[in-house]
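Database features, via TrEMBL:
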- B:28-205: domain 'Heme-copper oxidase subunit III family profile' (DOMAIN)
- B:28-49: transmembrane segment (TRANSMEM)
- B:69-89: transmembrane segment (TRANSMEM)
- B:101-119: transmembrane segment (TRANSMEM)
- B:139-164: transmembrane segment (TRANSMEM)
- B:184-204: transmembrane segment (TRANSMEM)
Amino acid sequence: MVSENSRNPKVDLAFRRKKNAEEMKHQVVSFALMIFLTIVAFITVGYDGIDEWLKVPFIVLLACIQVIFQLYYFMHMNHKGHEGPQFFIWSGIFVTFLTVLAFMTIVWW
Amino acid sequence: MHVEEKLTAETFPEQPEKATLEGKNKFIGFWVFLGGETVLFATLFATFLALRDSTAGGASTQELFDIKLVFVATMLLLTSSLTSVYAIYHMKNFQFGKMQFWFGVTVLLGLAFLILEIYEFNHYMHEFEFKLTSSALGSAFYTLVGTHGAHVAFGLLWITTLMIRNAKRGLNLYNAPKYYVASLYWHFIDVVWVFIFTVVYLMGMVG
Amino acid sequence: MSTLARKKGFWPTVWDYLTTVDHKKIAILYLIAGGLFFVIGGIEALLMRIQLAIPENDFVSAGTFNELMTMHGTTMIFLAATPLLFAYMNAVVPLQIGARDVAFPFLNSLGFWLFFFGGVFLNLSWFLGGAPDAGWTAYASVALNSPGHGVDFYILGLQISGLGTLISGINFLVTIINMRAPGMTYMRMPLFTWTTFVASGLILFAFPPLTVGIALLMFDRLFGGNFFNPALGGNTIIYEHIFWIFGHPEVYILVLPAFGIFSEIIPTFARKRLFGYTSMVFATVLIGFLGFMVWAHHMFTTGLGPIANAIFAVATMTIGVPTGIKVFNWLFTMWGGSIRFTTPMLYAVGFIPSFVMGGVTGVMLAAAPADYQYHDTYFVVAHFHYVIVGGVVFAILAAAHYWWPKMFGKMLNETLGKITFVLFFIGFHLTFFIQHFLGLMGMPRRVFTFLSGQGFDTGNLISTIGAVLMGIAVVVLLINVVVTSVKGEKVGADPWEDGRSLEWAVASPPPEYNFKQTPLVRGLDPLWIEKMEGKKGLTPAEPLSDIHMPNSSILPFIISIGLFIAAFGLMYHNDYSWGVPVAIIGFIITFGTMFLRSIIDDHGYHIHKEDLLKDDNGGVQA
């Protein structure tokens with residue numbers, strides 16, 4: 001990487017800055033979407049026109065989408081070299097799923 | 001690439017967090033740790049879900065929660081997540097001052113969130129007599145939300161320490177991975193909060 | 001700063017071990033501490049067996065028996081088996097992957113000291129008002145009604161040592177992901193490294209639930225929480241679920257590295273490459289994956305309902321498939337090999353039928369309707385001892401003989417080693433085989449005595465005699481260790497002469513930097529490949545240059561002491577006014593030391609090329 005830089009540092013730096021700035025634009029867009037999803041979730045709960053049973057799965061779905069944004073954009077899991085992080089986070093989510101499912105279905109006393 | 005090397009914007013690597021072996025180890029090690037943290041919070045969430053109606057005659061979640069307060073807290077923490085993205089953006093461009101500034105904003109937003117949470121807990125304890133000891137719901141609520149709050153507090157101390165420690169010497173390959181994993185930690189706190197405001201507060205208000 | 005081997009006095013040596021971050025020295029610390037707790041747990045077992053030798057015995061009281069039973073289980077699982085396996089992982093895994101050290105040497109040391117102080121805290125309960133007596137599972141309905149501070153020792157001690165285990169697990173994961181030598185692809189890693197990797201992954205996902213479970217128990221016992229108090233809406237079943245979400249993977253955390261150890265020993269002494277390497281890796285990963293979906297088979301009789309019981313029963317039986325793959329692969333590795341029956345190989349051969357018996361009773365227990373009959377009887381005790389002793393302890397003893405020369409540079413005496421094996425093998429089967437039948441005849445587990453004339457007398461006496469034999473076997477092993485340390489002769493890099501993996505390419509014990517030049521790995525069993533091509537050493541992957549080493553540090557020791565102090569404060573805060581301040585002081589020590597670690601730069605130091613050239617014994621000769 002050092003050798004690449006030293007070959008033509010100015011151009012390289014300008015290119016990299018541009019790339020970073022573009023990525024930052026994507027981050028701001030995903031932030032806007034996250035805020036939007038949050039507001040929708042809060043409005044859903046406050047609004048009386050929707051059946052109660054529909055509200056819970058809907059807001060949980062919104063939360064899941066938002067967390068995907070957070071993980072893949074804010075935490076850069078969409079970048080190359082994140083195979084390890086993906087494996088461990090998804091394994092954690094798998095165990096989470098089993099645990100929560102069990103506690104919501106077979107703890108009933 | 002050597003850790004103590006003095007760098008310029010030109011020689012600063014594209015991924016400073018992974019430029020050294022120590023950095024690579026920190027990076028993957030921290031993600032692995034977050035995998036474990038996921039399961040830690042999963043267990044607390046599952047316990048809360050199993051006990052969410054166990055009020056033992058005390059106030060129910062519908063009576064307790066105040067939607068406006070939770071909304072403000074959520075906005076504060078979500079925004080702090082964006083500001084720490086800005087900080088890392090400036091780190092990658094080797095702009096140390098701007099990075100410190102945005103981490104500073106992150107800390108302030110996090111602090112505001114924490115103060116709001118303390119106010120909220122205090123409110124429940126005095127207005128509703130809703131305590132850790134009053135019911136199984138109380139135990140589950142304070143343990144889950146309190147564990148998250150403790151993570152926020154630890155994150156604030158951590159980022160502040162990093163900012164003060166490195167204020168004078170600027171960015172190098174020794175501290176870049178440290179800043180990077182601290183920002184990962186902060187995002188993870190936000191991930192957990194997304195589920196707390198959904199599962200604890202919003203679902204609690206639906207009933 | 002440097003810890004280069006040279007003759008030292010007693011106190012400098014102690015200081016060296018307190019501050020070391022060298023994985024080979026930490027391995028020795030784990031071996032000593034784990035061995036100590038293994039002996040303590042063994043003595044507790046013998047006391048129980050003496051009590052149960054004859055009907056209506058009054059050797060110990062019912063209360064003491066409960067303490068012995070709880071401490072035996074807790075000590076053996078958390079403080080003996082796990083750290084002893086960590087000893088071998090630390091000693092061998094970095095060598096097997098061609099690394100100079102682990103990824104986080106500082107955390108490696110921290111992990112050890114947390115485990116150690118947690119274990120010491122737990123065992124101090126014997127002298128401070130009585131040990132925990134709620135069983136190693138500490139089910140909430142029992143634990144919350146246990147008087148005194150016994151269970152609090154359990155909660156706080158395990159919290160500290162569990163943290164250490166988690167840290168060590170993360171360290172091994174990162175080491176194996178990032179520190180492999182050039183050419184050491186995932187599918188060229190020795191099986192012991194693979195099983196360490198999967199077991200560390202299980203630690204990562206299983207220990208946080210344990211942390212939460214015992215933290216909730218702590219809130220209930222010490223801070224007025226109501227998680228498990230039905231009067232205020234609590235639910236004790238939640239604790240059982242959380243405990244077993246941890247507890248079942250814990251079994252695989254122990255047994256997978258044991259499988260790995262035998263997968264190293266069998267090819268070495270059959271002098272044949274491991275049969276079905278790929279399927280072995282696949283089976284290891286599959287066991288790890290399935291290990292998280294079977295926990296409720298410990299709770300069949302709590303009344304989960306037929307659907308839940310059926311799902312968990314089927315999932316449990318599925319684990320028999322990858323385990324069976326492994327057993328056949330070991331047999332096929334031996335098939336047609338020219339086998340040398342050394343001590344480690346004897347354990348390996350003894351392990352296969354013993355462990356298969358434990359596996360078969362496991363499938364019996366997995367049948368949920370039949371489990372109602374077996375539950376809480378000695379049949380279960382026999383089953384899990386066949387798995388844990390026949391699998392894990394056999395592996396620990398085999399590995400002690402197999403890697404002793406690598407860790408200490410001297411061979412354990414083979415004759416004494418074989419005597420240990422024969423005594424232990426016979427003693428083990430004598431103790432536990434008969435317990436299957438005691439259980440089927442209806443003898444409940446966790447009882448301190450039984451009446452005569454119910455058909456239990458002879459069986460229990462035989463069982464006690466077997467336990468004594470196992471005790472004698474361990475004494476012979478200890479004598480062997482002493483004799484070897486005093487008289488044993490120094491050995492070279494490959495004392496078994498048939499070593500296949502990289503640890504046998506470096507001096508015994510290895511120099512602190514392990515490899516002078518990082519080796520180039522050209523296939524599975526890299527040392528064997530070089531030997532077959534008639535080469536003396538490994539092919540180096542880099543020119544000789546300065547080696548970067550981490551600095552020693554006392555901070556991990558101090559961080560652990562802080563938590564040890566804080567635990568006393570938390571435990572006594574309801575009884576004495578000094579409780580809260582002591583807890584605060586403890587936490588200040590811990591977090592203050594962490595803060596110091598964070599602000600003081602630690603760049604390590606370099607061993608220079610010239611010094612390496614002088615030091616011609618060890619490392620890779622190009």
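Glycine is no exception: its Cβ is also placed from the backbone N, Cα and C atoms.
TrEMBL annotations: computationally assigned, not manually curated.
Keep in mind that this is a model prediction, so the values were computed, not measured.
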Residues of the parent chain within Cβ reach of the transmembrane segment (B:28-49), under 8 Å, 6 or more residues beyond its termini: 140-141, 143-144, 147-148, 181, 184-185, 188, 192, 195, 199-200
Long-range neighbours of the transmembrane segment (B:139-164), counting only residues six or more past its ends (CB under 8 A): 40-41, 44-45, 47-48, 50-52, 54, 77, 100, 103-104, 106-107, 110-111, 113-114, 117-118, 121, 130-133, 175, 178-179, 182, 185-186, 189, 192-193, 196, 200
Residue numbers, six or more beyond the limits of the transmembrane segment (B:184-204), whose CB comes under 8 Å of its CB atoms: 30-31, 34, 37, 41, 45, 48-49, 52, 61-62, 64-65, 67, 70, 73-74, 77-78, 80-81, 84, 106, 110, 141, 144-145, 148, 151-152, 155, 158-159
Averaged pLDDT, computed only over the residues in the domain 'Heme-copper oxidase subunit III family profile' (B:28-205): 94
